[in-house]
Amino acid sequence: LCCCEYVDRRGRRNHLAACCCDCEELDDGCDRWLTCKSLPPGALERIADTIVDRLRVPWFSGAVKINVSLVPPLVLLPVFLHVAALHFLLGLIILTSLPVVMLWYYYLTHRRKERTLFFLSLGLFSLGYMYYVFLREVVPRGHVEYSQVVALTCGLILMLAALSRAKKDPGYLPIPAGNEKPSHQDLPNKSVRGSSSGLHGISGAASSRAVNGEAKGYCRISAEQPEGVKKDWCTKCQLVRPARAGHCRLCGRCVRRLDHHCVWINSCVGEQNHQAFILALSFFMLTSVYGITLTLHTICRGRTPFVALLYCPGAYSDYSSALSFTCVWYCAIVTAGMGYILLIQLLNISYNVTEREARLALRDNTGRRLLGGLVIDTGQYNRGLLCNWGHFLSLGSSPPQRSAEDIV
């Protein structure tokens, strides 16, 4: 393939110059629109798929397809922030509507069980653009020292490094080969039960003393799996999952100690990357709060950051200050959302419960709501604050549990 050629979704060789040719779906849709006829079912989806498949840029080994979800943050975020800096009311309307639009798009993709790079690209581009505005509009005013810029830059680099680690393997369970998949009928009835929801049952007295095999060496040592704990069979991956593992419907894989699928990193949070995920959130919070403080001290001299965030009379005196103040409010909204996520994560770690387990406990009405409903204590793996945090800090350091084939 030359730099302008590509293989389309139908497996045919195509060229960028022919992007408007041979588009039967679009031609049929235009004909029906001109003749006032209704479109057949699925016509809009087919047209959208064709457009997405032909949206490409030249590259050395062939034209590369552009992910459509990457475009809106790169284009709309600077436009919205610059428009919001024109007037206080415009800023209020735009900064209020942005979280609503993001939540709407999140529920739309979540309901369709789709993976999207929109949130990851939005987060990364927001970091880069806020850093650019800080260097261009805030630093030249002369109130920010060189050491403070270096500290902010180091925090940003550390956060990106932790984010890169969190994007790696969360702890996917290996999918058995086609000729080696364990059959559900081959498993002992007392130790395996069919389940597609990811719940592992615990009977009678074992439910009150459920021993987590992953927490060996911390407060409660068990050489074998408790008799009452039943293995969990995943009908989609065709394997037996260990305790606390779950199937992610977006990734299509089973993950060890699955916590949740995070749209901000476009990946699952599991046994192997949970620590890096918490580290990335922590670095983001520290860096963001530090950057907000430096900016408010510059454009609202003589006021504390909290007061300046709510009342800064000279913020809209010139466009540079207005843009900086708008970006501060945007950062504050994002930081508040990430701070809530970090708080829930820290509470869950303190009670040794995952987001998935809390959600299932709420569904089955088997957990206790604590701290005003911020955390759901299932009581299954809770061994006390110190032991719970010791278990979390040891995630990924011990060798993984034996595979299902070895157990059988």
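Note: Cβ is positioned from N, Cα and C throughout, glycine not excepted.
The feature transmembrane segment is assigned by TrEMBL to 79-105, 117-134, 146-163, 276-299, 319-343. The region 'Disordered' annotation in TrEMBL covers 174-205. For 186-198, the entry in TrEMBL reads compositional bias 'Polar residues'. Sequence annotations record features per position, and here TrEMBL assigns domain 'Palmitoyltransferase DHHC' to 230-358.
Among the recorded stretches 79-105, 276-299, 319-343, the one sharing the largest number of Cβ pairs closer than 8 Å with the transmembrane segment (146-163) is 276-299.
Distant neighbours of the transmembrane segment (79-105): 118-119, 122, 129, 316, 319, 322-323, 325-327, 329-330, 333, 337; these residues of the same chain sit at least 6 beyond its ends, with a Cβ under 8 Å from one of its Cβ atoms. Taken as a whole, the domain 'Palmitoyltransferase DHHC' (230-358) shows an average pLDDT of 91 in this prediction.
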